[in-house]
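To start, the structure itself, in structure tokens.
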Amino acid sequence: MGMVRHTNESNLAGFILLGFSDYPQLQKVLFVLILILYLLTILGNTTIILVSRLEPKLHMPMYFFLSHLSFLYRCFTSSVIPQLLVNLWEPMKTIAYGGCLVHLYNSHALGSTECVLPAVMSCDRYVAVCRPLHYTVLMHIHLCMALASMAWLSGIATTLVQSTLTLQLPFCGHRQVDHFICEVPVLIKLACVGTTFNEAELFVASILFLIVPVSFILVSSGYIAHAVLRIKSATRRQKAFGTCFSHLTVVTIFYGTIIFMYLQPAKSRSRDQGKFVSLFYTVVTRMLNPLIYTLRIKEVKGALKKVLAKALGVNIL
């Protein structure tokens with residue numbers, strides 16, 4: 001009965017997100033910087049979504065998946081960053097239990113879906129480069145929608161399992177979360193009972209949603225690189241390399257930071273190091289996506305200029 005009472009008290013009182021409380025002078029600087037990056041992220045990813053929809057030349061599987069990725073980035077930042085900004089600005093760092101619950105489900109579902117979608121995009125790139133004559137037959141709209149749906153549903157499914165298991169743990173009045181967002185690993189640490197099963201389940205999920213997609217991307221990238229080197233046309237070869245390089249850059253930054261967070265032993269890094277890496281993963285990686293794609297892929301740059309020219313009624317060279 002005592003454990004139940006303490007657990008209920010934690011649920012009613014909510015949690016205290018310590019965030020960057022140890023760096024009071026840095027919090028205001030981070031607030032301004034993160035606010036700017038947040039606005040750039042929303043603007044950049046919304047631009048990619050609109051351009052992909054408005055420009056007929058971009059009505060292709062690659063840009064269909066890219067618009068889904070941008071939509072994911074937009075939703076993730078909108079579910080995480082506002083709470084982070086409040087945490088940095090307000091002296092009171094509390095978050096209601098219900099708010100933490102919504103925060104946990106949204107961020108975990110969107111983040112898990114993001115882990116699957118780049119692997120789907122690599123599949124599209126593999127068919128486009130290695131099987132160009134069969135591309136339109138294989139990558140039809142129904143398959144693209146099915147692959148995108150698979151990514152979304154897998155993210156939602158793993159979230160229902162992991163988040164539910166985590167929130168069933170008794171916290172025994174422990175309210176201080178040494179992070180700036182509600183995440184499964186940090187909430188598991190608050191539990192006052194054994195968490196071996198939760199940690200094992202989280203590790204297995206991390207393998208499935210991180211190592212498996214990364215392995216698939218690396219293998220497909222190897223086949224793509226081999227096929228690109230055999231292209232005789234320098235223009236086509238440069239175009240293929242540019243597209244694949246952009247995708248690999250985004251993938252490397254995204255998976256590199258998240259693997260560091262979820263698969264590195266907790267004892268091998270300091271708690272502050274984990275916070276700053278998490279901050280980079282949460283804010284910076286999603287801002288870089290539109291920047292990298294628009295700078296590296298000529299079709300996106302050309303379509304963006306065309307859409308802006310129509311909107312502004314001017315001729316943009």
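Cβ coordinates come from backbone N, Cα and C, glycine included.
The membrane topology recorded in Swiss-Prot places Val137 on the same side as Lys306.
Cys192 (disulfide bond) is surrounded by 15 other CB atoms, counting those within 10 A of its CB over all protein chains shown. Between the transmembrane segment (61-82) and the transmembrane segment (143-161) there are at least 3 Cβ pairs closer than 8 Å, counting only pairs 6 or more residues apart in sequence, which means the two stretches are in contact. The average pLDDT computed for the topological domain 'Extracellular' (83-103) is 86. Contact check: the transmembrane segment (199-222) against the transmembrane segment (104-123) gives at least three Cβ pairs closer than 8 Å, residues 6 or more apart, which meets the contact criterion. Of the recorded ranges 29-52, 104-123, 240-262, the transmembrane segment (143-161) has the largest number of C-beta contacts under 8 angstroms with 104-123. Counting same-chain residues at least six beyond the ends of the topological domain 'Extracellular' (83-103), those with a Cβ under 8 angstroms from any Cβ of the stretch are 10-21, 27-28, 30-31, 34-35, 38, 163, 167, 180-182, 282. Note: Cys100 (disulfide bond) has non-local neighbours Gly14, Phe15, Cys182, i.e. same-chain residues 6+ apart with C-beta under 8 A of its own C-beta.
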